[in-house]
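Notes follow the structure.
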C-alpha cells in the first residue's frame, strides 16, 4: 500500500474512507476486514460482463484467500441493467447464496454497477453493507455521496436510496484498460469538481492535462483524490441534497438535455456536461462573472480532450423542452448552477429561459 | 377532534405523531398541513380495491377541500400486490401525476397497502414524505416502526427500507366495517404488545375483551393507543433492529412457520402468532417462568376469540423445517423470544430444537 492516497467522507456515524492507489485490489482482504466486512456471512460481488473478464477472478481470489465467502453475479454492461428486473434477479441470487443481514454487497465496476449494486444493498433485508470498487474515472463521482438507484421506463434514477458504502477501494491499475474516449469523459467530472470549489485544482488540471490523458499514475491518483475530496466536502455539508449539494450539478441541466435529445449513444455523459459547463460559464459571464471564467473553463476542458461545441444538428426547441422536464426545475422556476469565478458557483433560481436559449444557440457556434 | 388520543414515536429528527380517534378522516386536511405536507406539490393516495369503495372518496374530498392536489392509485387487495411489479406501476403513476421531491405518499389501508406504499415513498426520487392512514386493527403494528417492503418470489419482505411516516392518522370509524375474523386477528398483536412490555395492559385486555370484540370505540381507541405506545417505546430504543426490537417477534417464530406450512389462507397472521404465543408461554414455563405466564396468555387470547391449538393436520417436521429457514435464526443458533413473566420477555439465543419440537407437539393437544 505504499504511495496510496486516503481520504474520509465525513458523515457522522456513516463516515467512510476512500483508498486510491496502484495495486489496491491486492489489499482488498485486509481493507475489507479493517472496515468491518464479515467473514462469517457470505458477500456478493456484482460486476458487469466487461469488467468480469478483466478483474473479477482477481478480486474473488484475493478475498477468498483472506477468508471471505464470496459469491459473484454478473450483469449485462450498460444503462439498461439499472432496472427493477435486474434488482429482482440479483436479490434472488443473494437469497440463494445465503446472504444475511450481516453480509455485504461489493460493486466492482463503473457507475451503472455502483448504482444498481448499491440499491440492491440498500434494499436487501432493508439494508446491508456495501463496498465500492470503482473501475472508471467517472465513477469517482458516483462513489462519493451514497446516491444509488435504478431507472423506471419513464425516468432515469427515479427509484433509489441514499446508502453510504463502508469503504471505497480505487485501484488505479483497473483504469489502465479504459478506452480513451471514456478517460476523457471521466475527466469531465474531475474538472467540474475543480470549477465549483477549488481554483488551484483547476490550474493544476490545466497544467497536467497531458499526464492525465496519458494515465500517469501519480497525476491520476492526485486528480481522483482531489475530485473525491471536493465531492466529499459538499456531501458532508448536505447529505440528502437539500440545498448546497445542487452545486454538483454544474453543467448538468444543459448536459442532461443534450443526452436526452442526442440519444444516449451520440454523447457520453461526461461529454454532454463538458458542453453544459461551457454553457454555464457563458451564462456566468452574462450575469456578471469575469470573462476569465469562460476562457479558463473552455481551455481546461479542451486540453483534457472534451468537446466544447454543441452539435449543430440538435434542435434548440427540443433541448429547451428537455430542460423544462429536468428535475432540477422546481415549481416552474428555472434553476441554474452559475459560476461567479473559477472555483466558485452560485445557485441561481431565476435564470430566464430566453437567456438560456441564447446560450444554447451560441454553443452551436463555439470555436473549437 | 374531541376525545382523540395522541402519542409520539420518539426517533430524534424522525419523530412523528399518531392520532387515534373517531372521525379523524374529517380532520385529515388540518393534520396534514400541521405536519408539513405540501399543498404545492401533488400527493398520491395508495389504497386497495376493497378500501377504495369505502373510504377513498371521503379522504380525497377532505384533502381537496383543504387545498391539496390529490392523485389516487388503487392496487389489488392481498399480499401479491407487495411486488416490484406493483412498485414500478405505482412509480409510473407518480411520475405521470407530477409527484416531485416535496410530494407525499398516503397509505390508506391495512398492512399490505402500508408496506407497499411505504416502499414507494422510500424509493421515489430516493425518498419522499409518507403518511399512514391505517384501516385495520392489525395495521397499528405496521404503522409504527418504519419497516416497509415488498416481497420477492423467494421470500417475503426481503426488498425494503426503514422509512418513517410524517404522521399516522387512525380513524376508528374505518374499523367498524372490519370482518369479525380480522378484528380478532388484529387483536393478537395488541395483546402481544401487552405480553412483552406491560402486565397491567394484559389485565385490562383480559377484562375488556368483550368490549374490544364489540368494537366499542373507547376501548378500541385505548387498546390501539397502548399497542402503539409499546411498539413506539421499543422502536425508539432500537430503530434498525439491532437487538431489543427482536422482542416484537414474540410468537412469530412458530407463527411464521405455521403460516408457511398451513398456506397463507388457512391461518391469518394474527391467528398464527396467537398459537405461537401460547407456544412461547409454554417454552417460558419450561425454562423457569411461573405457570401463570401460560394460563394468563392462553386465557386472554381465548377471550379475544383467537385459536390456541395448533391444527393437528400440520406436519411437525415441516413446521420445524420452516422455522429453521426463518430469518430470526442467525448463524445456526435457534433464537426465541421467551416470556419470563406476564409483561416481560427475554431474547434466548440457545433454545434447543428438541424442546421446540416437544412444544409444537403439545400445541396440537392444547385444550380449547
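Please read every residue number as a count from 1 along the shown chain.
Glycine residues also receive a Cβ, built from the backbone N, Cα and C atoms like all the rest.
Automated prediction, rather than curation, is the source of TrEMBL annotations.
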For the Zn(2+) site that TrEMBL assigns to A:252, A:269, which of A:189, A:200, A:318 is also named? A:189
Given that TrEMBL assigns A:111, A:112, A:113, A:114, A:115, A:135, A:136, A:156, A:174, A:175, A:176, A:177 to the NAD(+) site, pick the one from A:129, A:147, A:184 that the record assigns to that site as well. A:147
Beyond the listed site residues A:189, A:252, A:269, identify every same-chain residue whose Cβ lies within 8 Å of the center of their Cβ atoms for the Zn(2+) site. A:138, A:141, A:188, A:192, A:251, A:255, A:270, A:272, A:273
Helix, strand and coil residue totals from DSSP for the domain '3-dehydroquinate synthase C-terminal' (A:186-328) stand at 105 helix, 0 strand, 38 coil
Cβ proximity for residue A:269 (Zn(2+) binding site), under 8 A, sequence spacing 6+, ordered by residue number, returns A:138, A:185, A:188, A:255, A:259
What whole-number Å value do you get for the CA-CA distance of residue A:189 (Zn(2+) binding site) and residue A:136 (NAD(+) binding site)? 12
So if I draw a 10 Å sphere around the Cβ of residue A:175 (NAD(+) binding site), how many other Cβ atoms end up inside it? 23
Looking only at A:111, A:112, A:113, A:114, A:115, A:135, A:136, A:147, A:156, A:174, A:175, A:176, A:177, which the record lists for NAD(+), tell me the maximum pairwise CA distance in angstrom. 29
Quiz question: given the binding-site residues A:136, A:177, which has the greatest number of C-beta atoms lying within 10 angstroms of its own C-beta? A:136
Residue A:177 (NAD(+) binding site) to residue A:252 (Zn(2+) binding site) - Cα separation in whole Å: 27
